[in-house]
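Undergrad: I have a structure I would like to understand better, so I am pasting it below and will then ask my questions one at a time.
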Amino acid sequence: MRFHTSALAVLVALTTFTYAAPDQPSALEMAQASYPKCTLGCLAKLIPQSPCTLTDVECLCTNVPLNSNLTVCVLESCTTYEGLMTKNVSSKMCGAPVRNQTLKPLLVGVIGGGLALLVFILRMCAGLPVGGRPLGWDDYTICIAVALGTPPTVFSVLLSKNGLGKDMWTLPLPNIENVLFYYYLGEIFYFASLTATKISILAFFLRVFPQQQFRKIIYGVIGICVAYGLSFVLATTFQCHPVPYSWKQLDSTYQGSCNNIHLQGWMSAIFNIIIDLIILILPLKELYALQTNLKKKLMVMVMFSLGIFVTFVSVVRLHSLIVFANSQNITWDYNDAAWWSTVEIHVGIICACLPSVRALFVSLGASSLGTTRAASRATGYGASNNSGLGSSSHGGSKNGTLIKEKPIAVPKHGDEEDFIPLVDLGNSKD
């Protein structure tokens, strides 16, 4: 997020803009009254050396040598924020279009947050005392993920209100600092929420996969997720020294330094994608080994692979990070990265909750959402945990039913409370 002083070269350049002839006198008067003193000094020195006059707005806006020399002069004579003021006044004088995409982060945050909350509530309804399954660590960790994902949703509203989605030179300094502040906090909660979501999915695997060797692998991946989360939460928190410099970089009276924040962002995104892919691949071998027909295997594998949507969002977010790597207009360029980060949080929560939501609807009689109601019970996510799986919906006939066999493995000490084995499913025909 660091705004480099060298970026001022682009910000203050009075490059070619659309010239509005009818507004020429008022625009020139506005510019003369609004330019910082340092800029007026540069103009007074450079305009006599150019073919332009003080009243020739079109020449002032389009003369390349004049603008190049003015850029150098402003860099030497003005502060960063005075350079932004120069850019804003010049843009208005030359008729530059006013861009505004503040509605995008607002809508994405509110709608995405609402959907994630709805799916989360449905998931927790699957654990209601009446006919529900017992709550496990996957439920507790998804509660933490939702709690940590709520602040970024709120920040999306505050970011929009303060000008995220507008050109930064059109905003007062307090608004720019607010955008940087909420973006900084949002990054911290982003890493924390994603980590909790990943752990919830892995805890779900522990609930349904009984093989001890496979469970050891899952515990190892949980350790990797914890290390990932702690590392980048701490790295983000202390990315600048002192910490407030993260959002006070444009204040010329505040001194500080920052790490290579863009490199840090790329590394976190790459590790995030790698961990997501590991979580996606982990259960596929175990699921394919189920003793059931190919169609049912594929349906169960698809249900366990919903996280591919999170990986897709992570890849798109990485692209947005690359786009603003050398941002010279942070409140405009950060827009996509901010709302894609919010989308990733919400999609992650939704994907982690969908298997339980499906099981909830199956237990309520919506058998079209799954192969059979018994399939849900076989994974421990149905309304009950009967020893017999019952018959299919076709009049109690054996065709289409899934027969519960003995568990593949037996839990060891300490696993009994939340252990729900994934059982072999007998061959059946549709």
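Even glycines carry a Cβ here, placed using N, Cα and C.
These figures come from a predicted structure and were not determined experimentally.
What TrEMBL records for this protein is below:
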BINDING   D56  heme binding site
COMPBIAS  386-400  compositional bias 'Low complexity'
COMPBIAS  403-415  compositional bias 'Basic and acidic residues'
DISULFID  C38-C78  disulfide bond
DISULFID  C42-C73  disulfide bond
DISULFID  C52-C59  disulfide bond
DISULFID  C61-C94  disulfide bond
DOMAIN    9-119  domain 'CFEM'
REGION    386-415  region 'Disordered'
SIGNAL    1-20  signal peptide
TRANSMEM  106-128  transmembrane segment
TRANSMEM  180-205  transmembrane segment
TRANSMEM  217-238  transmembrane segment
TRANSMEM  269-288  transmembrane segment
TRANSMEM  300-325  transmembrane segment
TRANSMEM  345-367  transmembrane segment
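If you look at the structure here, what lies around each of the features I listed?
TA: Within its own chain, D56 (heme binding site) has no residue 6 or more apart in sequence whose C-beta sits under 8 angstroms from its own. According to its DSSP assignment, D56 (heme binding site) is coil.
DSSP assigns C38 (disulfide bond) to a helix in the three-state reduction.
For C73 (disulfide bond), the same-chain residues 6+ apart in sequence whose C-beta sits under 8 angstroms from its C-beta are C42, K45, L46. C73 (disulfide bond) falls within a helix when secondary structure is assigned with DSSP.
Listed in sequence order, the residues of the same chain lying 6 or more apart from C59 (disulfide bond) and placing their CB within less than 8 Å of its CB are S50, P51, C52, T53, L66.
The number of other CB atoms found within 10 A of the CB of C61 (disulfide bond), across every protein chain shown, is 23.
Counting residues 6+ beyond its ends, the transmembrane segment (106-128) has Cβ neighbours under 8 Å at 134-135, 139, 142-143, 146, 149-150, 152-157, 160, 339, 342-343, 345-347, 349-350, 353-354, 356-357, 359-360, 363, 381 in the same chain.
Sequence-distant contacts of the transmembrane segment (180-205), counting only residues of its own chain at least 6 positions beyond either end whose CB sits under 8 Å from a CB of the stretch, comprise 1, 136-139, 141-142, 144-146, 148-149, 151-152, 155, 158-159, 162, 164, 218, 221-222, 225-226, 228-229, 232-233, 236-237, 246-249, 268, 272, 275-276, 279, 282-283, 307, 330, 334, 338, 341-342, 344-345, 348-349, 351-352, 355.
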Undergrad: Taking the domain 'CFEM' (9-119) alone, what is its mean pLDDT?
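TA: Taking every residue of the domain 'CFEM' (9-119) together, the mean pLDDT is 78.
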Undergrad: Cα-Cα separation of C78 (disulfide bond) and C61 (disulfide bond), in Å?
TA: 20
Undergrad: List, in sequence order, the same-chain residues at least six positions removed whose CB sits under 8 Å from that of C38 (disulfide bond)?
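TA: In sequence order, the residues whose Cβ lies under 8 Å from that of C38 (disulfide bond) (at least 6 apart) are V74, S77, C78, T79, E82.
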Undergrad: Let me know how many other Cβ atoms fall within 10 Å of the Cβ of C42 (disulfide bond).
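TA: Result for C42 (disulfide bond): 24 neighbouring Cβ atoms inside 10 Å.
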